């Protein structure tokens, strides 16, 4: 976009902090609500006379819808802006939970709680993350950290609150009240004031933000050669908007990422990890009740987990941002996943309430570490310019394993009549995912260093510029058909570098 049209830069404060508060509420509900519902599972199960795996589908469908509907949410935000999308999402959540209070079968619960409320939460999650990026640039890590803290804070309050509601109003009454509480998302959404001139479209802002973040990225990471290349293609797509359906889809989701080595490693590792990521949280309270611990103490386990998680997230963010860990953040991420798995493997050794409290503390720590770095590691691999597409693609892929994780756990509990095997399965899967990520990222770092060496060697030899670019950017085919076409791009890259060095 021309400088005349460019929207004003992010204010990095002011009303931005109110927006962060709104995001805190909506992100908190989106992440914590499906986990907090686990309190009602044992009772609903007795009420309908269903098995563990059948009741686990409620949480699963909800989590999977929240993740899987991410791209729809992104497209809606691009079209209408964050405010109406979040307000509509809050309305859907309320409708879903209120209608769930009148359900007469487990299938109706799947639809009302799983799909309707899950979709409402999806419309809450993405816009909140996106709007923070528009209001903040320099202070974005802090703003994101504060907003993400909504998840453990909400879980902390929802677990005992749900237990209290259940004791006083039964599960049907609780669902009615929770539906009303979820309508607060509409209020949170109303705080998301659109930024900049009314004429500047949302897309223009997104590209502008991408470019600003891109300059940061180039400074941080000179190795990332693919980032500068994606800006021209992005702006080109803005101009040719609406020509073709495939182009439209590709504008929101950049499928060329499937040729990006780092992205593929991240994707495989994460899809595997999510098989064991949520099941232990979903079954923690029922497990405690199963060994004869009273309801409030069982609900309190989730609160302990959430409190530790609350402290772990910002701390992990600070550690990951330090100059020692930052260049090798992928290793830190792999370690935290494996650490998570080790906790689950050791959980069956925990006998009695004290053991479970210790497990909850370690699990909260491990869970917070993984959550804090989930998106940071992805941005580190693909660069800021392609980050939005990457998030969309990752969430679509992840929603399958998120959907299957808890029901597989439930089936294991039904089959063996013991929770031990569910924890062992989750632990084994996560240790495997952590090990895979560690080995593959080691390989990826080696390859990147090697390619960097080759690039330096070839820079002395101008004739091989073309082949070098082919190796670098095989995803961008149309650029590599002609030698001369690469010149402006190369100049642009050099220009970017000079600009960065100048500032």
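In case you wondered, yes, glycine gets a Cβ from its N, Cα and C as well.
Looking at 55-76, 209-230, the stretch flagged in TrEMBL as transmembrane segment turns out to be 55-76.
For the ranges 142-161, 242-261, the feature annotated in TrEMBL as transmembrane segment maps to 142-161. Beyond the ends of the transmembrane segment (332-351), by six or more residues, the same chain brings 269, 273, 276-277, 280, 316, 319-320, 325, 358-359, 362-363, 366-367, 369-370, 373, 377, 419-420, 423-424, 426-435, 437-438, 441 to within a C-beta distance below 8 angstroms of the stretch. Taking every recorded stretch in 15-34, 173-192, 263-284, 387-409, 421-443 and counting its Cβ pairs under 8 Å to the transmembrane segment (296-312), the highest total belongs to 263-284. The stretch from 15-34, 88-121, 142-161, 173-192, 357-375 with the most CB pairs below 8 A to the transmembrane segment (55-76) is 88-121. Remote same-chain residues near the transmembrane segment (88-121) are listed as 26, 29-30, 33-34, 37, 44, 48, 50, 54-55, 57-58, 60-66, 69, 127, 172-173, 175-176, 178-180, 182-189 (criterion: CB distance under 8 Å, separation of at least six residues from the stretch ends). Within its own chain, the transmembrane segment (173-192) is flanked in space by residues 18-19, 21-23, 25-26, 29, 33, 40, 81-87, 89-91, 93-98, 100-101, 113, 117, 120, 124, 127-128, 131, 162, 165-166, which lie at least six positions past its ends and keep a Cβ under 8 Å from the stretch. Long-range Cβ contacts of the transmembrane segment (142-161) within its own chain (Cβ-Cβ under 8 Å, at least 6 residues beyond either end) map to 16, 20, 23-33, 35-36, 39, 128-129, 132, 135-136, 285, 296, 299-300, 302-303, 305-307, 309-310, 313-314, 317, 364, 368, 371-372.
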